[in-house]
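Following: one structure in structure tokens, then a few remarks.
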Amino acid sequence: MSNAITMGIFWHLIGAASAACFYAPFKKVKKWSWETMWSVGGIVSWIILPWAISALLLPNFWAYYSSFSLSTLLPVFLFGAMWGIGNINYGLTMRYLGMSMGIGIAIGITLIVGTLMTPIINGNFDVLLNTEGGRMTLLGVLVALIGVGIVTRAGQLKERKMGIKAEEFNLKKGLVLAVMCGIFSAGMSFAMNAAKPMHEAAAALGVDPLYVALPSYVIIMGGGAIINLGFCFIRLAKVKDLSLKADFSLAKPLIIHNVLLSALGGLMWYLQFFFYAWGHARIPAQYDYISWMLHMSFYVLCGGIVGLVLKEWNNAGRRPVTVLSLGCVVIIVAANIVGIGMAN
């Protein structure tokens, strides 16, 4: 396995670790509605950071974006919006299925759809089937899916042992939302594929290869921001128990406390895709679809590890922790299989 591939896998792991931890600061926010908290964090992660970093990277910010036709920018934006819809459905999936089943189904589907649809759309899937390296990377995807399934099973055992139930269990509604979440969340993978002309243009301007994907985030995350912020603002305006004005009428120290924590959560959320771009840059071009598989499987892996570190599994008993550990090992094996396949 080459150093470039190893570093690509490593950066995807770092990004996934940030994704697994990003909600921790949000949990410290006090006396704010979820919608206000999510909006403040989202403005930081989807608008401020993508624009600021792109402005630093590009020699001429406006000239870069105006150089693309609408036919190039629109698919990137729409796939970003598609991914934004997946974000909203993710929370609803947890509500109706519970954390373990919801994560297992949603992440499993988005891993498959986001990973395999890209080579299918590009007409490269038969090449993967007919080459040794391609077949090995596909085997790695399958093993990763098995690992996600094992971690999901560990979560179910934990919930059963600790008496944790879904907020409002509804299998039919939850499954529909989980499938929708899985499909729509893959929009980020599709957006990155559609944004290749933007990456190439950034490289032509002298942007370091590690950073060429970052300017495209202005468009991708702009699409996601409109969906997420629109959802939050509509709820803040229509739901009687929610009030943006009330949330910002608290004591000034508490408002500052909440804004800083929400901004920190937004920063950590953005960093997952900052390092995703670094990892994506190190993956061989013919296997770039693997970036999504690595990100999603490492997200599940890091989520399990973070749960252990935060002692969320302390009262779950030995069996759930053993199953979780097995799932984490399987995901690590999957990453190695994919790495060897890409090296071939």
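Heads up, the Cβ atoms here are built off N, Cα and C, so glycines get one too.
Here Swiss-Prot flags 4-24 (among others) as transmembrane segment, drawing on sequence analysis. Within its own chain, the transmembrane segment (4-24) has Cβ neighbours under 8 Å at 265, 268-269, 271-276, 278-284, 291, 294-296, 298-299, 301-303, 305-306, 335, 338-339, 342-343, counting only residues six or more beyond its boundaries.
Residues annotated as transmembrane segment in Swiss-Prot: 38-58 (among others).
Marked as transmembrane segment by Swiss-Prot on the basis of sequence analysis: 68-88 (among others).
What Swiss-Prot records for 101-121 (among others) is transmembrane segment.
Swiss-Prot lists 137-157 (among others) with the feature transmembrane segment. Within the chain carrying the transmembrane segment (137-157), a Cβ under 8 angstroms from the stretch's Cβ atoms is held by residues 99-101, 103-105, 107-108, 111-112, 115-116, 128-129, 287, 290, 293, 296-297, 300-301, 303-304, 316-317, 319-321, 323-324, 326-331, 333-339, 341-342, all 6 or more beyond its ends.
Summarising the annotation, Swiss-Prot assigns transmembrane segment to 175-195 (among others) and lists sequence analysis as the type of evidence. For the transmembrane segment (175-195), same-chain residues at least 6 beyond its ends with a Cβ under 8 Å from one of its own Cβ atoms are 75-76, 79-87, 89-90, 92-93, 96-97, 101-102, 105-110, 112-115, 117-118, 121-122, 213, 216, 219-220, 223, 273, 280, 288-289, 291-292.
Distant neighbours of the transmembrane segment (214-234): 35-36, 38-39, 42-43, 45-47, 50-51, 53-54, 57-58, 64-65, 73, 76-85, 87-88, 188, 191-192, 195, 198-199, 202, 207, 273-274, 277; these residues of the same chain sit at least 6 beyond its ends, with a Cβ under 8 Å from one of its Cβ atoms. Under the heading transmembrane segment, Swiss-Prot lists 214-234 (among others).
Marked as transmembrane segment by Swiss-Prot: 259-279 (among others). Proximity of distant same-chain residues to the transmembrane segment (259-279), defined by a Cβ-Cβ separation under 8 Å and at least 6 residues beyond the stretch ends, is recorded for 7-12, 14-16, 18-19, 21-26, 28-29, 32, 37, 40-46, 49-50, 53, 188, 210-214, 217, 221, 291, 294-295.
The transmembrane segment annotation in Swiss-Prot covers 290-310 (among others). Sequence-remote contacts of a segment are chain residues at least 6 beyond its ends whose Cβ falls under 8 Å from one of its Cβ atoms, and for the transmembrane segment (290-310) they are 8-9, 12-13, 15-17, 19-21, 103, 107, 110-111, 114-115, 118, 137, 140-141, 144, 147-148, 151, 154, 186, 188-189, 192, 272, 276, 279-280, 283, 321, 324, 327-328, 331-332, 334-335, 338, 342.
Residues 1-2, 5-6, 9, 13, 132-141, 143-144, 146-155, 157-158, 283-284, 287, 290, 293-294, 297-298, 300-301, 304-305, 307-308, 313 of the same chain sit 6 or more residues outside the transmembrane segment (323-343) yet have a Cβ under 8 Å from a Cβ within it. Annotation comment: Swiss-Prot describes 323-343 (among others) as transmembrane segment, evidence class sequence analysis.
For the transmembrane segment (38-58), same-chain residues at least 6 beyond its ends with a Cβ under 8 Å from one of its own Cβ atoms are 26, 64, 202, 205, 207, 211, 214-215, 217-218, 221-222, 224-225, 228-229, 232-233, 236, 258-259, 262-263, 265-267, 269-270, 274.
Beyond its flanks by at least six residues, the transmembrane segment (68-88) meets 110, 180-188, 190-191, 194-195, 197-198, 201, 216, 219-228, 231 of its own chain at Cβ-Cβ distances under 8 Å.
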